Amino acid sequence: MSLTSRLYKPRLFSLPSQHSFRALPILSPPLRSSCIPAPLSVRASLSTRSIATSIAMGEAAADAGMDAVQRRLMFDDECILVDEVDCVVGHESKYNCHLWEKIESGNMLHRAFTVFLFNSKFELLLQQRSATKVTFPLVWTNTCCSHPLYRESELIDENNLGVRNAAQRKLLDELGIPAEDVPVDEFTPVSRMLYKAPSDGKWGEHELDYLLFIVRDVGIHPNPDEVADIKYVNREQLKELLRKADAGEEGLKLSPWFRLVVDNFLPKWWDHVEKGTLSEAVDMKTIHNL
């Protein structure tokens with residue numbers, strides 16, 4: 001099959017029963033050890049970086065209304081560019097990686113992660129993204145969704161440690177969850193998926209997403225620059241949230257990556273979380289092309 005990811009098209013969904021999963025198109029990449037991350041020595045020189053940043057800032061002049069915190073992150077953060085079998089091919093600013101024009105015309109596929117954090121009652125922590133987020137503002141999504149950055153600690157391929165380090169960092173940044181509440185060894189990378197989704201006419205996502213699960217009772221202190229609201233939900237409460245989103249009630253919207261996971265994987269994986277058998281669901285050799 002083609003390795004080209006399909007454009008996410010919003011449509012009505014219903015939460016599948018735990019026994020109604022359909023076969024999914026998948027990519028079967030080589031073993032992760034065969035994908036050697038691009039060394040940090042390929043970074044541009046400081047002078048080249050300065051020129052590139054100046055050009056990018058000039059291109060972004062029309063975005064003067066962008067929130068200052070989000071603007072800084074857009075230009076300071078460097079995403080990890082990958083190919084469709086998750087081999088590192090370079091790095092690019094978060095700004096360029098999320099411009100829909102560049103996504104459609106060039107290789108802006110980048111590595112990402114999405115965290116599903118459950119408490120000891122097996123309730124899932126959701127967040128509503130802040131109104132100032134550049135992509136998908138005010139949508140409800142799973143616990144934390146972001147990117148590992150092009151830095152040594154987040155490029156570590158062995159045991160997916162780089163991605164787990166990034167998840168710990170962003171749980172603190174977005175939700176104020178202390179690192180000691182979410183030890184990196186407690187994250188379970190369950191699988192990976194590749195998807196593309198527009199946010200509006202200008203911004204969008206094209207990600208190779210690591211799906212990370214963790215069961216911990218944590219302290220939460222949301223960062224208002226990142227998060228508008230939070231809630232824990234059980235299965236029935238999630239079904240009601242999906243119903244409202246499908247019906248367009250209360251202006252409620254869900255992120256496309258969260259919806260893809262809900263409709264394709266979450267009920268079965270939630271079963272494993274409750275039974276303490278999540279390791280049986282792990283498949284990190286497959287990339288689901290959704």
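Every residue, even glycine, has its Cβ placed from backbone N, Cα and C.
What Swiss-Prot says about this protein:
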| type | residues | note |
| --- | --- | --- |
| ACT_SITE | Cys145 | active site |
| ACT_SITE | Glu207 | active site |
| DOMAIN | 108-260 | domain 'Nudix hydrolase' |
Counting other CB atoms within 10 A of each CB, which of the active-site residues Cys145, Glu207 comes out lowest? Cys145
Between Cys145 (active site) and Glu207 (active site), what is the CA-CA distance rounded to a whole number of Å? 11
